[in-house]
Amino acid sequence: MCGIWALFGSDDCLSVQCLSAMKIAHRGPDAFRFENVNGYTNCCFGFHRLAVVDPLFGMQPIRVKKYPYLWLCYNGEIYNYKKMQRHFEFEYQTNVDGEIILHLYDKGGIEQTICMLDGVFAFVLLDTANKKVFLGRDTYGVRPLFKAMTEDGFLAVCSEAKGLVTLKHSTTPFLKVEPFLPGHYEVLDLKPNGKVASVEMVKYHHCRDEPLHALYDNVDKLFPGFEIETVKNNLRILFNNAVKKRLMTDRRIGCLLSGGLDSSLVAATLLKQLKEAQVQYTLQTFAIGMEDSPDLLAARKVANHIGSEHYEVLFNSEEGIQALDEVIFSLETYDITTVRASVGMYLISKYIRKNTDNVVIFSGEGSDELTQGYIYFHKAPSPEEAEEESERLLRELYLFDVLRADRTTAAHGLELRVPFLDHRFSSYYLSLPPEMRTPKNGIEKHLLRETFEESSLIPKEILWRPKEAFSDGITSVKNSWFKILQEYVEHQVDDAMMANAAQKFPFNTPKTKEGYYYRQIFERHYPGRADWLSHYWMPKWINATDPSARTLTHYKSAAKA
C-alpha cells in the first residue's frame, strides 16, 4: 500500500502543484519523493511509500539501468513476480515486486503485461522512447486510482481523489476528477509539450474468466467436473493458495477478525500458513465492538479456537459519531451503508497503527459479493438472476466495500490484503453452476460453509453463523449502530432541510436524515463532487428503505428463533 501521484503537461508551477500530493501522505508514512521527468519540465511523479517489500531499493518511480526510458509508479502487490522472473529468466535489479511490470512490458507490450500480473495494483507507466503513458488498475479495483484530464491534454493521476481536487489548470476553474475503472488499462500518447492524448481504453479481464497468469502458477492440479466433493476440494486448494501467496512482505502481518464466516476463515487459514512458513511471531487478531456486541463474542471464540493473540477494541457511540467527519473525508463517499460500516474499521485501524507493529492486515472483504452472502440473496427469483447480481456487486466493489476497506486502513498507513478476491479463487467460484452458489436451507454462502465443514478450521457454530452486517455486528441487537446514528442525526437535520433536499442536492438526493447528514459532511470536504458515487448501495428484490440487514424480515425471524 502506497500513494502514487503524477502530472503530465501541467501549466502551473510544479512546486505549487506538488502540494496536492501531500494530501495522500497517510498512504506512505515511511518516505516520499517527487521527481521531474527528464526532458519534460512540466511532468512529474510523486510517491509516498509504505515499505512492505525491499526496504532498500523500493523507492519510486522505479527505473532500472536496462530500460532508462521507462518510469513506473505503482501501488499494490504483484504476487507472481518471482515466478515470472524464473519463467522468463529476467534479470532483476531490485527485489521490488513491481519491477516485473518493466520487464514484461519490454518483452510483450502493455496488453500482455497487465494480463500476466497476479495481484492488486494501480500504476502509471511512462515510456519516453515510444512517447506513451499507460494507466492500469486491477480487476476488482482493490487498489484505488483517480484521474483528471482536460481537453488540452493535461493529465493528473492519484491514488485518492483528494490529491487532485485542489490542482489548478488554466483552461478550467473546476477540474473533473473521476475514478479509473477497475479491470481496464488506458493508452495515451505523450506529446513533445508534455501533454497527452488518449488513444484507447481497454477492458482486459472479466471476473468470470480464468486469468492468463494461471498458466504460470504452481497451484496443485484442480480436478475437472462439478461433483460436489471435487468442487469443495478445488475451493480449498485455491483458498489456501490465495492466502499463502499474500504472505509476501518484510513487515508484520495481522488480521481483522469480526467473528463472521469470512474473516474467521481468513484468520484460521492465515495462522496455519504462517506456521508452515515458520514465521517467528504469533498472529495478532483484532475485533472491534461496543458492549454486548455479538461480533466480539464470536471473534473471541474463533481466536481461542485457532490460538491467535487476540485484541478487542471497545468504542462507545460518542466516539463513533465523533469519527464521522474524518471517516467521510477519508472515504471520499457519502454512501450510507459504506459510512456506517467504515466507522468501526477506521477506529480499529487507528488502534492497530498506534498500539502494534502490524502493517499488513488480512481481511474477509469480497466474500459476500462473490459467494452471495447478503441476506437479500434468499429472495433471488432464480439462480441465474442471483449470479447476475453477484457479478454486478463485484463490478461495483470499488465504489463500496473495497473502497471502505482501502481508505479506512490506508488512512492509518496499513496495507490490506483480501484473499477472497484472488483471481484464481474468484474466477473458479464464478465458473460453478449458478444453482450451486445460491443460499440453501435458509443459509447463505452454503457452498463455502460446506467446503470447510470437515476441516475443523473454525468452530462449527461460527462456520454456520448467519450473516451479520459489519456495521450491525459491532453493536448489541437491542441497540443497532444504524439506530444510534439515526437517533443522533434526528437532532442535526430538521424536516425543513429534508423538504428542501431535492433543491440542495439534485443528484443522488438523500431520502433520509442520515443520508442528508453524511452528504452535508461530504459536500463540505468535496463540494460539487457528488458524482463520484453513481448510486447508493441497497438490497435488491425487496422493498428495503434502509441498507441494514437488521431491517430485513429474514433477519427478524432468525433473531426470534
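Cβ coordinates come from backbone N, Cα and C, glycine included.
Record features, source TrEMBL:
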- Cys2: active site, for GATase activity (ACT_SITE)
- Asp97: L-glutamine binding site (BINDING)
- Leu256, Ile288, Ser363, Gly364: ATP binding site (BINDING)
- 2-191: domain 'Glutamine amidotransferase type-2' (DOMAIN)
- Glu365: site 'Important for beta-aspartyl-AMP intermediate formation' (SITE)
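This view paints the features noted in TrEMBL onto the structure.
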residue : record                                                        : CB count, 10 Å
Cys2    : active site, for GATase activity                              : 27
Asp97   : L-glutamine binding site                                      : 26
Leu256  : ATP binding site                                              : 27
Ile288  : ATP binding site                                              : 27
Ser363  : ATP binding site                                              : 23
Gly364  : ATP binding site                                              : 24
Glu365  : site 'Important for beta-aspartyl-AMP intermediate formation' : 28
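For the residue listed as 'L-glutamine binding site', the nearest of the binding-site residues by C-alpha distance turns out to be Ser363; the candidates were Leu256, Ile288, Ser363. Those residues noted as binding ATP (Leu256, Ile288, Ser363, Gly364) have their most widely separated CA atoms at a distance of 15 Å. Nearest to Glu365 (site 'Important for beta-aspartyl-AMP intermediate formation') in space, judged by Cα atoms and limited to the recorded positions Cys2, Leu256, Ile288, is Leu256. On a Cα basis, Ile288 (ATP binding site) lies 25 Å away from the residue listed as 'active site, for GATase activity'.
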